[in-house]
Amino acid sequence: MSLPFYQKFHQHYDRSYRNKDLRTTMSQYHQEKKRSAIYTHGSAAYSSRSSAAHRQESEAFSRATSASYQQQTSLATQSALATAVSRKAASAYDYGYSHGLTDSSLMLEDYSSGLSPQTKRARKSLLSGEEKENLPSDYMVPIFSGRQKHVSGITDTEEERIKEAAAYIAQRNLLASEEGIIASKQATASKQATVSKQATVSKQATASKQATASKQATVSKQSTSTLHQEEVLEKKSRKVAIREKAEQLSLRKTLEETEAFHKKLNEDNLLHAPDFVIKPRSHTVWEKENVILHCSVSGWPEPRVTWYKNQVPINVHANPGKYVIESRYGMHTLEINACDFEDTAQYRASAMNVKGEFSAYASVVVKRYKGELDETGFHARVSTMPPSFAVTPYGYASKFEIHFDEKFDVSFGREGETMSLGCRVVITPEIKHFQPEIQWYRNGELVSPSKWVQTHWSGDRATLTFSHLNKEDEGLYTIHARMGDYYEQYSAYVFVRDADAEIEGAPASPLDVVCLEANKDYIIISWKQPAVDGGSPILGYFIDKCEVGTDSWSQCNDTPVKFARFPVTGLIEGRSYIFRVRAVNKTGIGLPSRVSEPVAALDPAEKARLKSRPSAPWTGQIIVTEEEPTEGIIPGPPTDLSVTEATRSYVVLSWKPPRQRGHEGILYFVEKCDAETENWQRVNTELPVKSPRFALFDLAEGKSYRFRVRCSNSAGVGEPSEATDVTVVGDKLDIPKAPGNVIPSRNTDTSVVVTWEESKDAKELVGYYIESSVVGSGKWEPCNNNPVKGSRFTCHGLTTGQSYIFRVRAVNAAGLSEYSQNSEAIEVKAAIGGGVSPDMWPELNDTPGGLTDSRGGMHETSQPTFKKDALLGSKLNKPSLPSSSHNLGQTEVSKVSETVQEELTPSPQTAALKGKTAPSPPCDITCLESFHDSMVLGWKQPDKTGGAEITGYYVNYREVIDGVPGRWREANIKAVSDEAYKISNLKENMVYQFQVAAMNIAGLGVPSAVSECFKCEEWTIAVPGPPHSLKYSEVRKTSLVLQWKPPVHSGRTPVTGYFVDMKEASAKEDQWRGLNEAAIKNNYLRVQGLKEGESYVFRVRAINLTGVGKPSDLAGPVVAETRPGTKEVVVSVDDDGIISLNFECDQMAPNSEFTWSKDYVSTEDSPRLEVESKGNKTKMTFKDLGTEDLGIYSCDVTNTDGIASSYLIDEEELKRLLALSQEHKFPTVPVKSELAVEILEKGQVRFWMQAEKLSGNAKVNYIFNDKEIFEGPKYKMHIDRNTGIIEMFMEKLQDEDEGTYTFQLQDGRATGHSTLVLIGDVYKKLQKEAEFQRQEWIRKQGPHFAEYLSWEVTGECNVLLKCKVANIKKETHIVWYKDEREISVDEKHDFKDGICTLLITEFSKKDAGIYEVILKDDRGKDKSRLKLVDEAFKDLMSEVCKMIALSATDLKIQSTAEGIRLYSFVTYYLEDLKVNWSHNGTAIKYSDRVKTGVTGEQIWLQINEPTPNDKGKYVMELFDGKTGHQKTVDLSGQAYDEAFAEFQRLKQAAIAEKNRARVVGGLPDVVTIQEGKALNLTCIVWGDPTPEVSWLKNERPLASDDHCNLKFEAGKTAYFTISGVSTADSGKYGLVVKNKYGSEISDFTVSVFIPEEEARIATAEAQKGSKSK
């Protein structure tokens, strides 16, 4: 281990004292250093050695040494005293070391380890009082522990100073020479042991006296031995005595120097932190000038000063000659040479030493000088100077070109999402430190930052961020960038879609919920209807209210209201509320709208009066007090009573208060009567009306009423007013008519411009909703969710190339109109030129719409400018702090010029501070409290903080004597951080005026306007004073507890309650919000609903019967966070049922204590509680917890940074704790699962239950029907103590096993049981299930069916019977049966996949029956049956028919000679498949001309002799018994024409074929006749007309003659006659018939034979045959 820094530089001192004994001690210290982090015996008492104890011991030692020097003759006595001290010290040291204490807690505290900012206190010593008196004083030997404490931020030079301060005493030669010490090592060791042990004794403040005494005895012997050796040495050597005398002289000299050193220290002899005696001052200089910052710092050790520029250390060597830093005689300077704009910054002087760091700030502003300005030209250009420029660094305003890059496009978002619009702003030329003025507009209205939207400018990019999109945010957004006289703007539309509905089909949320009118009795709320109704009409709306400061929403109306306005009643006067609206249809209630802005239930006149009167910031709660009543006067009747609004749901009356009313407040009673009667009825009998307006409900719709009003006060009820005219209850506002003439026009590839004619005679029109639909889809989508006004809108987000139609509907408070007629379809694509022409739509440039609009350029100053244009003129007249000079002249003009420039353009200092500017003036200065010589002033925070946090305020005041104001004086030198300040030392009864200026990091802002005059006088206030001593505790990430004490001054009457207000620390003063609706009587409040990481401030106001007092001082700011290591109060119940609250704290200070309280009132000496604290733990025990102990119990730890925790015991918690206590007194075994039964695979029965946990000693008794059962052949028991599962198994259930089963548990003291009743049907069902599972297990031992037989219809319309088998082997056979007859299967089954199938083709009725399949082998058999009869067969046939119908081909057209045939082919046809034909949606009636049929697989419809009436759409429907399947063909147009032409052709061909000439019959093919015989042939001929007949012989015409007679008679019969044939008549003959449709030839052959020749031929053939044999 290396030596500490102070030992490195003082080696002579270290060697002098590091003798053998000390080196041994240090060696032990180094060995024990690693184990010194944890102490086991009260280490805190040893580790906090105080410097006060050191001083006490040093002074005692010094006094003893001085006395010894004056009485040199008693040197031996002095040695004896040193020996005694050494003995005591050694005893204390050994005691601490034996108890595990390290040297760092026993040795003297050195300066290096004692530089703690905490003030040290003296600790008790282990020595007695008598022994302390004998101790030497005023001197101590510094023994360094060998550890080095790291001090951050200390440089090498500073470290050297610390070394000198830490080892100041070691810098002197405490001894005469080093040789003398070496010569008397033993004497020196003895002295060192004496002082070392003395220091050890002072450290041992809590050691036991008995242990000390035992250690002292041992060490005393060692010390006596050492002294004896020393005395022996003295007798032998005179040199030793002389050396000791020299040491005494040296010690005295050292003590004198030490005393002189202590006198130079501060009064408490402690190091102290740096402090600035003189702080650096801010400067404003011209360019090229030098500036010097001075400061003076005090502190010990001498602080080191470091200079920073914008929080960056200044490096002198990095900029040679630029900066000069000097430190002389306590004065520190920073000189900046040749200043330029880059030197404009905030400079910080940081002083640091070992006690801490302290900083002081100063700003340097460098201005550029451009010569004198022309006064005439300056004033002449007042009206034309731009708001962002007066005089630029380049003279007067130049020409700027503004461009937008990376522009935002049309954007689409959804409710609840975040969105950011942004673009980069490029300005040419670029001027350093000058920024453009960026503004955002929505639909032409300026967008102001709020909780919904934030703006940001980064120097070159402007962004607009929506933290939570709402439909109210939809619109045309425009960014407007202005630089001098030039500006540019760019626009794009933002669409916000509805959030997903929580209930499908519910309507979307309404939007734009606003307050139209407010008074004491009701608030009228209006909203806009949503564009999406969820698919069914909106039935109405529900209105919800929530009081500001709470999270509780309540519904205002029981039945939905359709009218988009509604008066909300039942409000508390003076309270503020927010509202939301939900739409409802038949499906359900939609999401709520965005909440409205807060509105107070006050009359407008009262609200105006409160706004005009200076008061505390608005908190959302106002208590209105009436004037004290005087002598009562009955009020007169109200006047000007009228019906201002009437709907079907309510009627609103308005009137003027009576002139005769007295000095007290009046109330009103409203009366009504039917129009035909005079029977007046009072409407508000229970709640009188406080304001001159009232809303009446529960009126019959369509009925006529009259109304009147009476006034009342404490004197009585006045006469009624004149009655109103007859009013018919109903909506006076009609729903607008539908818009007309919707025309879409092309715009871009994704947008279309839609125009329409506005609704006629529409009243109070809110706007229009536009919807689009893809042609043919039938689905409509909204194009906008925020109604747009005008008659044009650009619909974005469309699909390129898709055709759309559009429709529009109008909306007002009465509801939504009918939809307009659908527009013509339009294809989405870019128009020629890329958009809508300005010539076509000239009004586009003026009306906000959905179009993306980018335009701008150079604009002349004659165009409209902003209000800042007049700033130059108004600035001269603005009130300012008094100046020492009253002459304006040229200098004043320059000042004014600079002021205007600083106001209109960012200064160089502002640019250096990243766009931050000085804050605007505070406002609303008021006197909060007045005394005879002082006044408490209050004001509101500036509206604009300049982009930085307000760091303080400066107050000026002046006297006003006889209306003449005096000289301004400063009320405070140091800025005050609060918005209130007490100005003291004022004159009683003197009138004063005040001004307040705010300051931030950028500088001091413009002072406020002069306040009104306030008189300094003692107030006698009737309301209570402010509560005080606010403190917060139990700070968590979402909550904290705020406590306070009652006001000192309670007012005229006692305090009745308190109101607590809260706001974010960075929020403005007008953002205070009340946390409690009604006044609370407690002096504490738990604040819930905080946002983690947010900083908050709180205040409290007291109330009595007179009113609400002034708010207290602020508590906070406090950050809502749960600090690391935070622990909570824990409730526990021990085994005896004793309930206690426990808390532990690991961050306690040595003197911290635990304090318990109930409802934040101390519980000390409470007879019902007992508190026990030990170490860092505390426990509060309830002796007998009951209802009187209900409340909040909190535990605070004193002397800590607000460490606290609490625990609430309410009625439910009380019940839970008492039940838990009872359970601990009489514990039960927690059961995770009650006793249950289940059937296992083999039919075994398992009874089981599960406990939460079981120990190893847990026991279970098994009870059946009140008798214990034990493990044996029938019952098997098992306990798994790890899982807590207890089981009992039975092989099978028999009849005698019916009854009640109980498991009884015993686990230590805890008991438990669970019972299961198995009787009657429950037991029979269980027994049946067990038997079934048993049989199933037996079945599965052989071949069996894993899946039983089922059917499936294939794609070919066949039926497939299949089953899945298991446990199969090669010898297993499968046999199929139908109706108990075996079915032969062609293929052999393969069981590889375990599937067996049977395919039935062309399934029909004949296939109905009962199918069975059997598996069998030597292990057994299993069977499965499938019944395909009755309903099962019908279902199968229906599926088959369905597949057949699905197989049908598309209908085709075929022409025939008879007509036109429509046909389709199916896989095959069944009679169960019903075929129906329809023509143009009408069923066809079949006849001889139109008929249908089936031919094979063809299903056809025959239309004979078609006519034009047969044209149209034909549908063939195939009905499978459940569903119809259609095929369609269009027999019209070209299809019909072509089919009809083909039919005509085929028909003519058929006619021709029918009437063609032909030979019907009669002629043989061959005629063989004997010569000489007569040949007569007759044939029938057909043809229409009658054919012509001719004959041929050997293809030559044959004419009729006497030999061959040819005849044709009656046009039908042809005769062929040869009277005597001869061989010459042999040949080929032909009959030719012919008419106009065709001809035909019928051939025959005539063969004539001679008999002799025939005989010869026969004989020859016979002979030829015999030869062949």
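If you go along the chain as it appears here, the first residue is 1 and each next one adds 1.
Backbone N, Cα and C define each Cβ position, glycine as well.
Over in TrEMBL, the protein carries these features:
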- 205-230: region 'Disordered' (REGION)
- 205-227: compositional bias 'Polar residues' (COMPBIAS)
- 274-365: domain 'Ig-like' (DOMAIN)
- 387-478: domain 'Ig-like' (DOMAIN)
- 509-604: domain 'Fibronectin type-III' (DOMAIN)
- 637-731: domain 'Fibronectin type-III' (DOMAIN)
- 738-831: domain 'Fibronectin type-III' (DOMAIN)
- 843-897: region 'Disordered' (REGION)
- 871-888: compositional bias 'Low complexity' (COMPBIAS)
- 921-1019: domain 'Fibronectin type-III' (DOMAIN)
- 1026-1125: domain 'Fibronectin type-III' (DOMAIN)
- 1117-1215: domain 'Ig-like' (DOMAIN)
- 1343-1429: domain 'Ig-like' (DOMAIN)
- 1569-1647: domain 'Ig-like' (DOMAIN)
Contact call for the domain 'Ig-like' (387-478) and the domain 'Fibronectin type-III' (738-831): at least 3 Cβ pairs under 8 Å, seq gap 6+:
yes
I'd like the per-state residue tally for the domain 'Ig-like' (1117-1215) from DSSP, helix first, then strand, then coil.
8 helix, 45 strand, 46 coil
For the domain 'Fibronectin type-III' (1026-1125), what's the model's average pLDDT?
87
Please list the DSSP helix, strand and coil residue counts for the domain 'Ig-like' (274-365).
3 helix, 58 strand, 31 coil
Per DSSP, what is the helix/strand/coil residue tally across the domain 'Fibronectin type-III' (509-604)?
1 helix, 43 strand, 52 coil
Reported in the order helix, strand, coil, what are the DSSP residue counts of the domain 'Fibronectin type-III' (738-831)?
0 helix, 48 strand, 46 coil
